[in-house]
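I'd like to ask you about the structure that follows.
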């Protein structure tokens, strides 16, 4: 169609507009109508409605799949689908309704499985965006629970099985309808006497792939004569439209999406092995979004590598372990893989995950042919048997179902897990395996085995003999690791063997042996003489190890003293100084060496004299009698460093060195300011015994050096806090140009007992001081004496909001918190600081708000629960525990706190919720999760909150906690269960055991529980009478007596009336 030369529009023969123009105008009209509908909000409403409907379908479909089919692998699911179709087809003739029912069931299975895949895929997208995590979520992240539980089984293969279910079930449904109520719904092929299921399967496929028009065209041209079933009645047509719509728009799209996702996973795994760090890091961050389903392909990719570097072997197990404990089953399947890299990585990852259920397989793998595998197995065994063992006992994978959730279980298809081993048996098994590995032909394995035994600690004592033999290993690294392990195990039988290695020609072995002996402390004192000899070792790290060990042992006998004395008389200045340093490390126990150290003060070496003076100071008062004269002489040493150290040493001896006061007074006039400052400091440490130095110290407050003036002021207060003239000196010092003096003065004011409010307010201007140390000391001192005055509160708030130092802001918040409720006017300033300050400031501001409880407390604590800093959230959650009441506005914050990654935050939130009269329903499932946590405090608080809940899931969980290892949790659970079922045998047994427990606290809890049961406690009357006759504690005996009397006075049982009239149960936990 074209315009005429004159620009006019051509007209149709009948005068109407051409159809092309009508089409274009129609499209323009549609666009205008669409814009109008969008403008008035109708399109937005429709989109939102459809989105909500789709999300609802996805959620509902996932829940149905989770309840009914989540236990099935894709093979089991496909087998079930094909089985249902086969039964429906074979029974169609005799039972025509069976194909309809089984066909509908198969379609339902396929549809809900497709929706389950979509739900998991959406959660995977949330992980990619950072909103969710598969393990150890951060604040603001939720656990991707569905991806964790089902990510490894909900993949393209299951989606394919779902497609088979939808197509095959749709064909079976139509076949069944054609045999019963829908005989006239379809047009059957004319060339067939009867139709079967295959015809309806072809009907589904032909219509699904739009082949009808093609077949009709081929028949019309005589190219192909194919007859097939056609729908003729609206129910069949409606079902076909729904089938095609679902398959085309949802199922097919999801299949293609899953294929793309598989390609993306393959690319991410390939990038993970890239030699370029940016590419590898990006791939590493992308892998968790695939959940535990990434484990198998990631391990399979190892087989394509010619070899793995040390870094790769270290990094990959951490990547897999970051996926969480639900990856353990897949890892166990690969422990016996033919590829050594797969076995090594798998063993290491199982160790990181504390997978005790894999312990038997790991033990068998210690004899693997690969050195790399045996090394990783040794490391994993050390982790499994180490300090985290008991924590791992309570660690479990994310359960397939939430506590209290019901659902159909395919018991014949479920994989049976192995129970965890008893902790003691675990340790024994691990230690036995590692002892065998100590004789491995590969030195790397022996090193790892020794290190693993050290990780286990004292529980590895049976291996001490094997480790002692390893001290003579041909490899020096094995020797060093064995020595370290022996020190960590602490078996005293190893001391002689370790002492023998102090003469080893290898410096590394000597240093390791020396370090290990230090772990035994006084049990290694017999090796002191050997250690002293190493003070002259030419290797610095050996000498450092020896000095550290001598200090840790701390005692020595006469022979060792002689050896040390020999070191102090050595002509080698280095040995001489090292020996003095070692004696100083020993401390007061080296007092017998004081005379020899005093002799060392006359050495020609400045270093020796300084180390000797320092050692005497560390020995302290016990060396005063011998040391003071020598240290007094050292005050006049030609080396000012020695003089300063001597003054400091005299100060460490305190009043025992009062004879040195005149000499220290003279040192206040020393030419070197460092000596003068140390002398003033020493006089202050001597306290009242240095009273004769007061005048000299007052003079020293005018010294040219700021450090001297500061120390002199501090000493004045230590010696005589209320000495005449001290007020004037301190007031003048507040204006000193040196900030050290002003800071020392502010600190000194805080140590005085007689400071009036007026005197304290002299410090107020220093809140504006330019020096942070000055402001810090003022902030600590001022609230003690004038904190409740409006000027002080205002000044503290000013420092809180306006200061440029987070340290000062946090200290100001601390000061306000110490004032308590009287500082209520600081509420707005503290709220602003809690919102805008650095993390340390926010933390202290929230603590202050908790102490003061201003009107702004609810807002501040609520916002603090969502803070990005774990420390801030801990303080905020603790604030709700101390709050006078829990307002309704706080409940959403506390419920959210139950999801916090920090255990303490969850525990605090649970405790705060336990204070509510009525537990919010949304908190119950989260508290159920908390009650299954390994942390005792979190479980206790969660159970405290749940004990009033009567839901089925809560009761089941509380019943399971009756055998909890924590006695308080056990009894709270038992008491809560007895309120629902007073005849519960395990709960009753737990309370009876508490009544007979040797611990008074547990007996008190048992009595409190029975008292709370009212007339239902009559069943325990005999136990209470027995307790009354045996109880020795007067207070508890009186409580039991009163309870027995109350129960005996009750009328006979009336179960129905009791059930109606029983008040809510509440028992106290001491």
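Glycine is treated like the rest: Cβ placed from N, Cα and C.
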Any idea which of 133-152, 193-212 is down as transmembrane segment in TrEMBL?
193-212
Using Cβ atoms and a strict cutoff of less than 8 Å, what residues sit near the transmembrane segment (233-252) while being 6 or more residues removed from its termini?
110-111, 114, 118, 159, 162-163, 166-167, 170, 173-174, 177, 182, 184-186, 204, 207-208
Per the 3+ Cβ pairs under 8 Å rule, pairs at least 6 apart in sequence, do the transmembrane segment (72-91) and the transmembrane segment (20-51) touch?
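No; fewer than 3 Cβ pairs under 8 Å.
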For the transmembrane segment (97-120), could you work out the same-chain residues 6 or more beyond its ends whose Cβ comes under 8 Å from its Cβ atoms?
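Apart from its flanks, the transmembrane segment (97-120) reaches 57-62, 64-66, 68-70, 77, 80-81, 84-85, 87-89, 91, 146-147, 150-151, 154, 158-159, 161-177, 179-180, 197, 246, 250-251, 254, 258.
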